[in-house]
Amino acid sequence: MVVVLDTVSANPVRPRHPEKVNRPDALSPPKPDWIRVRAPNSRGYADTRRIVKENGLVTVCEEAGCPNIGECWDKKHATFMIMGDTCTRACAFCNVRTGMPAALEASEPEYVAEATHKLGLAHVVVTSVDRDDLDDGGAEHFAQTIRAIRERCPATTIEILTPDFLRKDGALEKVVAAKPDVFNHNLETVPSRYLTVRPGARYFHSIRLLQRVKEIDPTIFTKSGIMVGLGEERHEVLQVMDDLRSADVDFLTIGQYLQPTRKHHAVMRYVTPDEFQGYETVGYTKGFLMVSASPLTRSSHHAGEDFAKLQTARAKLLR
């Protein structure tokens, strides 16, 4: 865990990533043509941004610099990020602000539910920063948000993307008891890259977290994702697939890592669209109900459409 607090300046202006300020620049190769996206400028994008701001909400779409924000917000699809905009971890790949977070906003679950209603979402995705500073890692806040959405928008299906609740006994059980439709927790990368990419996390703890969800409530769909282009080998990606299937995970996403700033981990290489297609094919042969693998695949991209496909795939399996 990395927690940074400025106790010197009267009115401190903190850098977004203070722990990275003194690092040397990490240079990445130029982006290939298949990575480029259009700048967001549509009416739907503007409407979504207005609703998000009016409700005082944070989205991972903005905070993480997602390349799909224009496409998703044009369709009024947004991923709400609860518990503030500041994370207690300092992962080498992530653009979310790091440091000591503010206290939880007690009304936030209702604000998220109201924004879900205003956007007319049939499927909503809720994620969060890591909150190692809280006794339960924010689990009760997650559960309250799920319950608030259920009350305000009973027909809306709910997908959550959670932190790992490392060393937070009982936290996972609180979240699962609120019965989200999809429980997503991303592994982010292969085990050999954890010390440099995701040093505050533990690979097999994350695998066990996903496995426990299914043990507690087998009806909940489970989902996980990784980025490629961080120096991993193909055989390591295939091993991650096997580990996830051993935990009975239903849905795998694989996308290209893109460097947020030069202070973040460099892109080691750009994986080709054909390689992504190969990963998707192999993933299906290993038994996943859904696999989404492409350069611009992200955890919440097309989440609503993918949830419908998950339901169909499970129904076919149970016939």
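Here the Cβ of each residue, glycine as well, is placed from N, Cα and C on the backbone.
Look at Swiss-Prot and you will find 8-29 tagged as region 'Disordered'.
A 10 Å cutoff on Cβ-Cβ distances gives SER300 ([4Fe-4S] cluster 1 binding site) a total of 27 other Cβ atoms nearby, all chains included. Secondary structure from DSSP puts SER300 ([4Fe-4S] cluster 1 binding site) in coil. Per Swiss-Prot, the feature [4Fe-4S] cluster 1 binding site maps to CYS61, CYS66, CYS72, SER300.
Annotation comment: Swiss-Prot describes 73-289 as domain 'Radical SAM core', evidence class sequence analysis.
The Cβ neighbour count for CYS94 ([4Fe-4S] cluster 2 binding site), using a 10 Å radius over every protein chain in view, is 23. Summarising the annotation, Swiss-Prot assigns [4Fe-4S] cluster 2 binding site to CYS87, CYS91, CYS94.
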Have a look around CYS91 ([4Fe-4S] cluster 2 binding site) and count the other CB atoms within 10 A of its CB, chains all included. 21
If you compare CA-to-CA distances from CYS94 ([4Fe-4S] cluster 2 binding site) to each of the binding-site residues CYS66, CYS72, SER300, which comes out shortest? CYS66
SER300 ([4Fe-4S] cluster 1 binding site) to CYS87 ([4Fe-4S] cluster 2 binding site) - Cα separation in whole Å: 19
CYS72 ([4Fe-4S] cluster 1 binding site) to CYS87 ([4Fe-4S] cluster 2 binding site), Cα to Cα, whole Å, comes out at 24
With a radius of 8 angstroms around the mean position of the C-beta atoms of CYS87, CYS91, CYS94, what other residues of the same chain does the [4Fe-4S] cluster 2 site pick up? ARG89, ALA90, PHE93, ASN95, VAL96, THR98, VAL129, ASP130
By the 10 Å Cβ-neighbour count, the most surrounded of the binding-site residues CYS66, CYS72, CYS87 is CYS87
Where does CYS66 ([4Fe-4S] cluster 1 binding site) sit by DSSP, helix, strand or coil? coil
